[in-house]
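Copied over from TrEMBL, here are the features:
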| type | residues | note |
| --- | --- | --- |
| DOMAIN | A:84-299 | domain 'ABC transmembrane type-1' |
| TRANSMEM | A:25-55 | transmembrane segment |
| TRANSMEM | A:88-110 | transmembrane segment |
| TRANSMEM | A:122-142 | transmembrane segment |
| TRANSMEM | A:172-194 | transmembrane segment |
| TRANSMEM | A:231-252 | transmembrane segment |
| TRANSMEM | A:278-298 | transmembrane segment |
Amino acid sequence: MAHTAVAKKQSEPKMSRALVRQETIAGYLFLLPSLIFFIGFVIYPMVMCIFTSFFDSSMNRADVFIGLQNYVELFHDSVFLGALRNTLIIVVVSVPITCIFSLWVASAIVNMPPWATSLFRVIFYLPVVTGSVAVTVVWKWMFNNYYGIFNYLGKSMGLLDQNINWLGDTRYALACIILILLTTSVGQPIVLYVSALGNVDQSLVEAAEVDGATKLQAFWKIKWPQIMPTTLYILVITTINSFQCFALIQLLTSGGPNHSTDTIMYYIYYTAFKLYRYGYGNAMGVILAIMIAVLSAVQFKVTRSD
Amino acid sequence: MKKQVSAILAASMAASMLVACGGSTSSAATSTATAESTSTASSEAAPAESTADAGQAADITLWTYPIGKWGDSESVDALLADFNAQYPDIHVTVEYLDYTNGDDQVNTAIEGGSAPDIVMEGPERLVANWGAKGLMADLSDLWTDDQKADISASVEAACKDSSGAYYEFPLCMTAHCMAINKTVFEAAGAMQYVDAENHTWTTDNFLKAVQAVYDSGKTDVGAIYCSGQGGDQGTRAIINNMYGGTFTDAAHTKYTADSAENVKAIETLYNQDGINFDASINGGEEITLFRNGTLQMAFCWNIAQQTNADNSAAGTTNSGDDILFMAFPTESGDPALCGGIWGFGVFDNGDENKIAASKTFINFMANSDETAKAVKTSTYFSVKNSLSDLYKDDEVMNEYQKLMPYLGDYYQVTPGWAEARTAWWNMLQQVGQGTDVTTAVTEFCNTANAAASAS
């Protein structure tokens, strides 16, 4: 009996190692499909993108190595520089507005009765779950030069003398794009902020208020630090979404009028899939990725120091 | 830990930006599904008559753009059944492309070494694009003297390259035109400026008619649409025709839209009451606005629009106004209409047997007793003079046939075409925003000619 017990004790580590190995193998096997997919559809194209950006790469023609020429050309391309400017305008305007508006709405609805909070969450989240094409087409109707509701209301209220070609006029087109982008961007941040604010430790807030803190002080000193991770996430996601603004442009303006709504993502698409200049398009992709990475790093740095 | 996770997330998102622009092979991939049908008649139908080619045995693929009912599997299956009745050993698999994703699908297939055997489209793709890149098989042997005698010289010229190699055998064609709301024109007293019988008018009368409609209270008469390239042949045609300008030189080597005639036409349109350079709509949207009565004329029109009865009776607007198709106005009274020529090209996939079988298929569809049926399936007109009475029992088609002699130069085969098309609507947008016309068209020509030189 004692011999059996000793033998069992001795064999336990051996079985455990086998079990660990077995579980490890099983784990990797479970991981394998995702890994293959990730390598095949993310890592490989990413590497190819960087690699191809150093080539004059076009459809049906052998690639020619040209070093950094695509990158040099980029910074002499007035359309690209215009697209870069437009993209930055979209980011600079839409990201702060999205974050501030979302936080304001979330703060306003978080303390409402649960049914009211849910109702507002649904209302603000609807544009997110509605098909982007459908939403965009509706906006296109509303901005229509001839029968759009904005022109109708503007003229009815005496604000406009004549119809404005909202999407066909360089003075208004980009602003219209930003407005639409905002309406489709705020849903998710509001839901996240409502959740984050709901998780704030109320005892700390109440203690601060008992000690004489104002609402603003309670928010700034207690709630804000606690929702900082959520804010960071929203900042990063909104920034990336703003940089990636493409569908709106494709569906509404094709970059016009007169390139006034070109964004880098749209110009990448146009260059790569309309002109079939893959190398040049990939160089833009690399620049855009670097910009997003740098901006995200800055956001991390700033929010971390907070 | 949360920050580390967030950092990884951000890095992944940034990295995913790169994914959208991967290598040349993957980047052209498209997820758009294509309808596919395979002719199964071959195994069932007995050969109606045996010919010298009937012994060919091959599995070939046909990719067709939506050229009338050549984009409809039921119609194409009927044609294939007839084909297989005569050629039971040639199996044709059909894929139906659309104009949004079709080019990407074909180019992806070319890159992947799986190009179709036959593709049905026009010279701008078959000749100027894939033919120029050496991807197509020469179809000179299909262009017999009899065929050349039966097909107009301009159509023939569009189907071959400068070396004389034929990369398309044409089946059908149409002329793009414009249209007016006849009911509104009558109410405005503008029909006096229109030759309704011949569907023509002079530039002077066109401008008077626009002014008359505008003065009648219909302030949105027409739109030089320019939000994209959709329907851009209409804006090119109105501008080129008004004072006899051209889009390219006769040899199709350079773009000539900066001529004095074109500048005058653009300036005249820009200054004309009722004509709006609209960067928020394209050709399709212009048609919608014309059909719903917002605009009183459409520069993007053809027989398919004239016979369209989706929302109202054919030849009427949504509210029942009569639509009259018109040639573009000219000073000379001799319009040059942009045409569409559609036919077959064969990819040189290195398999002589498949190329031979493909040619057999083309001969059957475009040069046999079946041709009339194949042309009618396209809903357009035959390229052959011998089939000019194909629609003699159809009043509208017969009337539209009057425009066919006005078919102008098929300049869409000029090198750098893709860049030129984009530069064109961008140029119109610039004009619409107040840029000097001469400056804008000069910039257009510089861009387009640079692309032509680089091709």
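Yeah, the Cβs are placed from backbone N, Cα and C, and that goes for glycine too.
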- Query: Who are the long-range neighbours of the transmembrane segment (A:122-142) in its own chain, taking Cβ under 8 Å and residues 6 or more past its ends?
  - Reply: 105, 148-150, 167, 176, 180, 183-184, 186-188, 190-191, 247-248, 251-252
- Query: List, by number or range, the same-chain residues at least 6 past the transmembrane segment (A:172-194) whose CB is under 8 A from its CB atoms?
  - Reply: 86, 89-90, 93-94, 97-99, 101-103, 105-107, 109-110, 117, 120-121, 124-129, 132, 135-136, 139, 143, 164-166, 227, 230, 233-234, 237-238, 241-242, 245, 248-249, 252-253, 256-257, 260-261
- Task: Would you kindly list the residues that approach the transmembrane segment (A:231-252) from elsewhere in its chain, counting only those six or more residues past its ends and only Cβ-Cβ distances under 8 Å?
- Result: 87, 90-91, 94-95, 98-99, 102-103, 132-133, 136-137, 139-140, 143, 167, 176-177, 180-181, 185, 188-189, 192-193, 261-266, 269, 288, 291-292, 295-296, 299-300, 303
